[in-house]
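What TrEMBL records for Arg99, Lys139, 144-150, 175-178, Glu183, His206, 259-260 is ATP binding site. Residues or ranges marked as domain 'ATP-grasp' in TrEMBL: 103-289.
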Amino acid sequence: MTKTTIGIFGGGQLGRMMAQAALPLNIQCIFFEASLDCPSAALGKIISAKSDDALNKFIESADVFSLEFENTPLTDVDILTQKKNLYPPRQALAIAQNRLLEKALFDELNIPVAAYRAVDSLLSLEQAVNDLDLPIVLKTATGGYDGKGQFVLHEKNQIEQAWAELGPAKSLIAESFVKFSREVSIIAVRGQDGEIRTWDLAENHHHHGILSHSIIPAPNSQALQPVAEDYVTRLLNHLNYVGVLTLELFVTEQGLYANEMAPRVHNSGHWSIEGAICSQFENHIRAVAGLPLGSTETLKPTVMVNIIGQHPNCAEVLALTGAHLHLYNKTERCGRKLGHITLMPNQQEQLSDLCRKLAVILPNPLALTSDMCID
Ligand code: AMP
């Protein structure tokens with residue numbers, strides 16, 4: 001078999017874990033990234049996005065391309081796709097980079113979403129507040145992540161403040177506030193032959209807008225799983241997608257509402273490295289390389305806990321039976337994802353015990369404490 005090289009836009013932890021999954025398949029990854037000292041550097045060559053003629057060098061250096069950074073510039077993608085294939089397709093990326101396009105696509109495919117309005121002036125914000133019941137969530141249409149670029153309006157008298165904060169972004173979306181009980185995500189992969197596989201729903205818990213931990217399978221979600229699978233399948237087929245796609249959803253009394261999609265492997269799928277027969281990373285690599293997909297079946301109930309801001313004592317984590325530690329080679333910084341721990345005990349009833357033990361060890365036990373609901 002000839003050796004395939006996959007070029008990846010971005011060199012963060014997602015690229016690192018993609019390359020880890022690629023290695024046993026004898027697939028090499030090469031990364032287009034500004035920082036030579038990025039988490040992917042240990043796993044493959046970095047082409048400095050800052051160097052002269054970098055994009056052309058990158059394009060020449062690989063057979064097929066993918067990304068781990070969803071804000072990959074479309075201008076770069078356009079140059080690339082004149083010569084080589086990129087998976088996922090450009091259209092999926094363009095839509096995922098703009099919340100207004102994303103919501104319009106969900107509407108077109110009859111995937112329920114919160115009522116929303118486009119906002120580009122103080123006047124249109126006032127109109128949106130009149131049209132949608134308060135509270136509303138005002139978001140920048142592009143560039144936001146982990147809850148950044150958002151303002152929750154509870155009162156009409158906050159309109160000017162919200163506009164002062166987010167107005168400079170020029171293109172905004174105002175969404176009705178969804179009264180959800182839980183947040184879940186469905187991760188799916190589509191191969192070059194159109195085959196689709198989905199992993200079990202993850203139940204996601206956030207702290208200050210950052211994912212703190214995910215529980216898999218999402219508890220009490222048997223009825224939600226086929227609905228989520230149907231929604232993500234509509235997206236994958238419509239976009240003629242290849243690779244892994246993630247759909248984030250709100251669970252409400254009226255059913256599932258789509259929040260956003262990520263055209264890439266996702267933090268709520270890290271559990272699948274140990275918890276599923278084939279991980280999101282390996283299946284993404286397989287899809288991009290045009291190989292058959294692997295089974296997405298869950299091996300055991302799993303909790304994935306993010307290491308945020310500060311490293312734990314690694315020996316203490318590893319002393320927990322059933323704990324798998326993944327570090328991303330990043331320096332400590334408040335709010336930064338430094339690694340994750342997958343808890344996969346031998347017996348299901350030990351999972352909540354294991355979580356409690358881990359919460360004691362974590363330097364920052366914001367994960368896994370207040371909102372722990374594993375049983
Ligand atoms: P996002 O950047 O769209 O993923 O939003 C970050 C977080 O804000 C989500 O995980 C939700 O907890 C919350 N959020 C976003 N949109 C809404 C909404 N329309 N209604 C209620 N909460 C929301």
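Every residue gets a Cβ built from N, Cα and C, even glycine.
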DSSP three-state assignment for Lys148 (ATP binding site): coil
Glu175 (ATP binding site): secondary structure state under DSSP, collapsed to three categories: strand
Of Arg99, Lys148, Val178, binding-site residues neighbouring ligand 1, Cβ under 6 A: Val178
Which of Arg99, Lys148, all binding-site residues, has a Cβ with the fewest other Cβ atoms inside 10 Å: Lys148
Binding-site residues compared (Glu175, Val178, Asn259) - the one with the fewest other Cβ atoms within 10 Å: Val178
